[in-house]
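Taking it in order: structure first as structure tokens, then the write-up.
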Amino acid sequence: MRSDTIKSGFEKAPHRSLLKATGAIRSSSDYRKPFIGICNSYNELIPGHTHLQELGRIAKEAVREAGGVPFEFNTIGVCDGIAMGHIGMRYSLASRELIADSVETVAEAHRLDGLVCIPNCDKITPGMMMAALRINIPVIFVSGGPMKAGHTPEGKTVDLISVFEAVGQCSNGSITEGELQNIEEHACPGCGSCSGMFTANSMNCLSEALGFALPGNGTIVAEDPRRLELVKAASRRIVDLVENNVRPRDILTRQALLNAFALDFAMGGSTNTILHTLAIANEAGLSFDFSELNALSAKTPYICQVSPATMAVHIEDVDRAGGISAILKELSSIDGLLDLSAITVTGKTLGENIANAEVLDRSVIRSISDPYSATGGLAVLYGNLAPQGAVVKTGAVSPQMMQHSGPAKVYNAQDDAIKGIMEGDVKAGDVVVIRYEGPKGGPGMPEMLSPTSAIMGRGLGDSVALITDGRFSGGSRGACIGHVSPEAAERGPIAALQNGDIITIDIPARTMSVALSESTIKERLAQLPPFEPKIKRGYLARYAQLVTSANTGAILGHL
């Protein structure tokens, strides 16, 4: 066992003395057992994490019952919703790297034999996955579970996105402040990751398809007693994984990634899943290119439409309809789409995991013969504005905005764009451009939920598009095209845009372009002053120096 490095032999007497002082060692026989890290992300700042302390306690008990010795430690976490719309959002994506580095540090420094990872919200799950693949010791994921959707006294179903969009509605006078407060009070009824197919829930659902989590991980709500049973089962299972030396890189094959992307496209997951999955693939040493995604999307039907694409369905409804296993079972009937032989942490193949799954509500999970669209709910666009690609959540774009051409309304910062939208500077037909908000330019590639919600709230969702080198919340909806690569800070073509330039978006054709010649774009870029970093001290300054483009997952490169 790896942990023998810190516990076996007379030379390790000082180490054993310290281990006894932790209280985790109950008898000398514990030194013959695997040391299991309980990697918890409990904190009181994120509603999706406030209940994780109890899950950690249950996990420790289950590990001990299964024959392991548990040691709990914590990671940081950022609530994207609370960090939204101010400087805090610049730290969100950057926190993923800190989480990965910190989990790696603890597991390697203490020679842990395996990990039970308890994440929930946006950057915590991918950060822990990146670390798991980096250190490559047995691991199992069990998330905190989704929040239930909210309901107003009048019976209206609401969620966090309802509140963001209601701010825009209040600003243009379509609802009163009292009506806004009513939505605010009922949108988030309890603990859990926000209730739609936003980034947190998307990643926790993908954990099942990747093979890192037990069935039910992505959809059983946080307050459901079955969530506690899932924690127990996962925590018992890690001891078997250690004994059989089943490691993350054994599970995360190229085909497992394709399985996850197929699920992602079928349920219209957050655009951030592409960013994170590329970063996870990098840690596994797997090369995966943006351009491959459209080919997979072309043969993956969009069969499960969840908020923000519709307010009629939330994650709890997906669970009731059969969960992720039911979606995968439906997809498995498409010849060659899924690799059902992929191994998983259950000890069974993906095919065995979903063998008995069935769709219990066809209004939530459609048949592959009756999809919302014949192609997946995410797409990569290319053109002279995004030579290296840009990402759009097609499942949340209205039919009339699938093709759009209009004049650019250019902003060099998200705050300026929000002000312009709220003050009425953005008109029907415009294409809002928010640049210098990419991984380097932001820095941190902040999410654009506030401007997209303002557009929707002001009734412009069917007439205004938004493109950015930043990214979007999983809760954004509308013609929102992000991850434009190269970004403005790296002299990408988006930096050459001027107000009034005509931008054409053709999502079915997977293209996005501006009506400018290549020579004009080059001339404009040559006239720009050198990019000046917005933040010059602290972690974000270091992050901006090392981070790579969005089309590679916005991972940290090397000096």
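The backbone N, Cα and C atoms fix where each Cβ goes, and this holds for glycine too.
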**Asked** Taking Asp80, Asp159, Asp501, Asp506 as the options, which does Swiss-Prot list with Asp122, Lys123, Glu447 at the Mg(2+) site?
**Response** Asp80
**Request:** Going by DSSP, give the three-state secondary structure for Asp80 (Mg(2+) binding site).
**Result:** helix
**Asked** Residues near the Mg(2+) site, Asp80, Asp122, Lys123, Glu447 excluded, by Cβ within 8 Å of the Cβ center?
**Response** Val78, Ala83, Met89, Ser92, Leu93, Cys121, Thr199, Ala200, Asn272, Ser473
